[in-house]
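The block underneath contains the structure these notes are about, expressed in structure tokens.
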Amino acid sequence: MLQQVTSTTVTGADIQLRAKLLLFSMTDDQCVYCKGKMEHRMWVQCEACPQWVHVQCIPEECLSGGEYPSRSSDIAAFECSAHGTARARLALKGKRRRVEAKEEPERAGTRRYRLRKRGPLDYIALNEGQDVRLRHEHPHRAAFQGCFTKWSGLGRTVTSAELQQSFAELREPVLVADPEHSGMQTPAMDEQVLADVLGADYSLDVMDVQSQQNERWTMGQWKEYMHTARGVRDRIRNVISLEVSHVPEFGQRIRRPRAVEDNDLVDLVWPVQPAPEIGAKPKVQKYVLMSAANAYTDFHLDFAGTSVYYSLLRGAKQFLLFPPTPANLGAYKAWCADDNQGLIFLGDRLQDGVSFSLRPGDLFMIPSGFIHAVYTPEDSFVVGGNYLCLRDLSTHIRIVRIEQETQVPKKFTFPKFERVMGLTAEWLLEGLPERLQLITHEHAVALLDYLRDTRLKYKPAHYHTKSTMLASLEKALEGCEPASGP
């Protein structure tokens, strides 16, 4: 690290000479202090030029708050010493504030003019794309809109009766024409209601749209953020993992569509009075999703390729979806493994897409394994949930293997999936031969192969070991051919 700047008197000529020498020696992606390229460190870019530096390399006397920030979102502004000042300046946000404080009138005009000219910078680390992003628009938005238009007009709409009667054959996303007849019910809900019921200190994950990374906030902070005018919010944010089935005020009053209630595999196989080692059902059935306008969730697979029901209470949503074909899943895996993933718009590499626009009151159903991205034109509030089903057993297992190959963190996988598969095997054996007729041969083989993995630990309730359970299931399959499938 270079020697820190001292506090000795510096003349105007000295400042100009130093600025010229510094600009001459700069390279955009090399820290001017340590000359290194240590990408594991937090970086920040100068507002007035393309220069990046390591935050920890900035001299302490240049810090407005006297201490280094712990994360990039704490940084309000940075200006290097090559722009007519004796030393660099790193300004930090107030610790308890989510939006920038009002500036003095004489500076506010200059600041507003600058924002109109180039927009506020996003101080995400250099190794997350090496591009200067705008805080209020995700860089893939234009590509998303082009792809959305390309695949528009292909979406299908069904009635609630058709959804119920033809659920086993449903292989594409659909809008429900008459959601009021689907069985879906939700109480009156918004951010204020959530804060009142859960409490202002309730902790939740909030996604930063630009980085697609989560931060821990309180419900009170989120309510304050959503009640802040769009133009002064510090960043675009999303809440997509707030599960509320355990909250009596919501869990008991939110009713899922009948087609979901009738086909949820967990409800089908989970014991009414589970043993302590089995425990409670996975909490994935009832989520609240809240998004600020311009929020964007990049392409993803829902954990274990679960199917999704999605009821929009307020705002607007745009979905872009692609089926789980071998080619699309292969492109998805390659994209996940690419070091430049954040710079690549995956939609340009996928085929057979479909797009949907959702408005308040819409009920949307996504079948298993669809790769999708979501854009939010307006502040929105959604109730939805995930579910496994016998119809898609082999797809669920295929997606779980992709999650393993792409090293998805356990936090973002389906809770207790191995246990659900073990319980499914026991449930099938308890109802021979009729229950085997409910799944295809492909599903049965996929289930057996998955459970045979020696790394998978499962203790059956009615068999001495997992091996004896699987032997019984294999023998049953030999004498009872499962359904042939659609």
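Backbone N, Cα and C atoms are what each Cβ position is placed from, and that goes for glycine too.
The Fe cation site recorded in Swiss-Prot comprises HIS300, ASP302 together with one of HIS227, HIS372, namely HIS372.
It is 28-83, from the ranges 28-83, 308-363, 420-475, that Swiss-Prot records as zinc finger. Neighbour counts of Cβ atoms within 10 Å were compared across the binding-site residues HIS300, LYS317, HIS372; the minimum falls on HIS300. Shown in sequence order, THR297, PHE299, LEU301, VAL308, ILE366, PHE370, ILE371, ALA373 are the same-chain residues outside HIS300, ASP302, HIS372 whose Cβ sits within 8 Å of the Cβ centre of the Fe cation site. A distance of 13 Å separates the Cα atom of HIS372 (Fe cation binding site) from that of LYS317 (substrate binding site).
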